[in-house]
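According to Swiss-Prot, the protein carries these features:
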REPEAT    90-123  repeat 'TPR 1'
REPEAT    445-478  repeat 'TPR 2'
REPEAT    485-518  repeat 'TPR 3'
Amino acid sequence: MTSSQDACYISLLGLAEYFRTSSPPNIKKCIQCLQALFTFKPPLKVEARTHLQLGQILMAYTKNTELARNHLEQAWMLSENINNFDDVKFDTASLLAQLYQQQEQSSLAKPVLRKAIELSQHNVYWHCKLLFQLAQTHATDKEYALASELLAVGVESTDESNATYLKSLFLLSRAMIMMIERKSSDVLAILNQAGTIIDNAIQNIHLKEYLKVFFFVLQVCHYLQLGQVKTVKTSLKQLQQSIQTIMAPNWPSDEQIFGQNSTEMFMWLPKEQLYVLVYLVTVSHSMMAGYMDKAQKYTEKALTQIEKLKSQENKPILAVFQIILLEHIIMCRLVMGNKSLAIKEIALAKDVCLSSSHKFLLKKHSPQLHCLLGLYSMSASLFDHAERQFYTCIQETTERDLKLFANLNLAIVYLRMKREPDLRAILDQVQQENSLCSNSQALMGSFYYVQGLNAFHKSSFHEAKRFLRETLKMANAEDLNRLTSCSLVLLSHVFLSIGNSKESMNMVTPAMQLASKIPDIHVQLWGSAILKDLHRMLKEPALEQEAYNNHLNFSQNLIADQLKCTKFQEHTLINWIQGDPPMPMLTTQEPMMGEPSQAAAMRVAAGAPGQQVIFQ
């Protein structure tokens, strides 16, 4: 460039920045200034940098992704083979790959990132950043083996550069991928390796605490994935202590902690998001342990925190947290007999999914929404709708646990509909698919429970006792309170059916105590019906009347809630089977067409064996 060209270049850059930072920003003039630079036929480095700047501006301030893509592709083509041009070259590759991802063209993103990784081996920061990005791209496409391989390359590269903090991040990220792949033994081995490094080799106390939160989140999720609710308690307590340390007022800001040197600028999640995540795993634990009140309390706190963060900056991950929390709280509502809140929250979850960019969340969570609608329909005794929803969930999902969960509830639906061949087919399929897999203790205990329930309905009482004792053994080992209460009340009904009133009373008493603690209205409804019959057999009229009054109270609450549900517009969601769900709807008080609501409600209140749904 000549000196006059140089002066024009600097002036145009200054003007572009002035327009960008004006209040409000004048992006059109900013872009015009940058485009004017090309009239001076600048050197390759200047041309490449300008194309990158235009791509950045267009992505940040406009919806013109095609023009942004064009500029970034130009910047990548120009900078790819220029030496000593790392920031522009690799920033371009990273941003271009990100744009391809947004356009759902990951097949274009991967070769760009692979080439950039190959060119960045001399630069630890960019090499690791690009490895993480490519691993994330493969993970998003469910290519977990490739993602794991890239993270293993990251571990090796940090060994060469002695970047211990980065090595811990690569190890923990790889453990997370292994969890998705259900490689339990590999997860434990990698977590143990990472834990040793965090404890002994990380000197910076602030970085150490962040890594501990990441480590304990994974450890807690690993135990919960295996249904080990009791085993996880120590790790969960340590996680809660670590997050309290990070959230303390005297703790430095993320900017201070992660800005010291290039190999320590990587952060898994900012502390405000970690705070929500810890609430989320605590909710998951409370739900599995059968503490619905606790789960509700922590969910409300987490959702409040999410709304606060959204008002500051609406990051996409906040919607992910919100949808998972809603999925948990909906199951809590159904257990507690509050279907009217559950269907409202299912509709809210649906709206959150629809509002996400490119309906990304809907693609990920459509099976879960169908499963929740199946549970809602099932709890309302709308078995035809429940069947269709569970079947859709099973067809759509690729997650083994969700498929097993939906199949077990579908089995109960077939049991209630007296469809023995379909029930048998599901039980055989579950047995076959899960005989060689390490499954969640909670889900496998539920499988034995469903078999016990089936045996009870066939009056095979000895077989029912055998299955239910197996369920109780698994449930008691890990404090799975809801599974315990369901098994006890069914076992009590088994003993009542064979005339053993003493054993029946011994089972139903702790079942009712647990059910009131959870609280689980369906077990309480069932248990109060058993108690009424037991006290009549034992000629205890006062206690029989008390049990009858309790049963009537539970029944009336369920009937009232059921009648309320059928008047909600959201109730029509049970008819959504394929495609996108209906857009956000206004609540109406008009009653639904279809089955008379009173008849449906009465079926719910009947308290028949197996009415309660299974939840993880």
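The backbone N, Cα and C atoms fix where each Cβ goes, glycine too.
What you see is a predicted model, and the numbers here were worked out from it, not measured in a lab.
Residue counts for the repeat 'TPR 1' (90-123) under DSSP, helix first, then strand, then coil, are 27 helix, 0 strand, 7 coil. The average pLDDT computed for the repeat 'TPR 2' (445-478) is 96. When the repeat 'TPR 2' (445-478) is classified with DSSP, helix, strand and coil residues number 30 helix, 0 strand, 4 coil.
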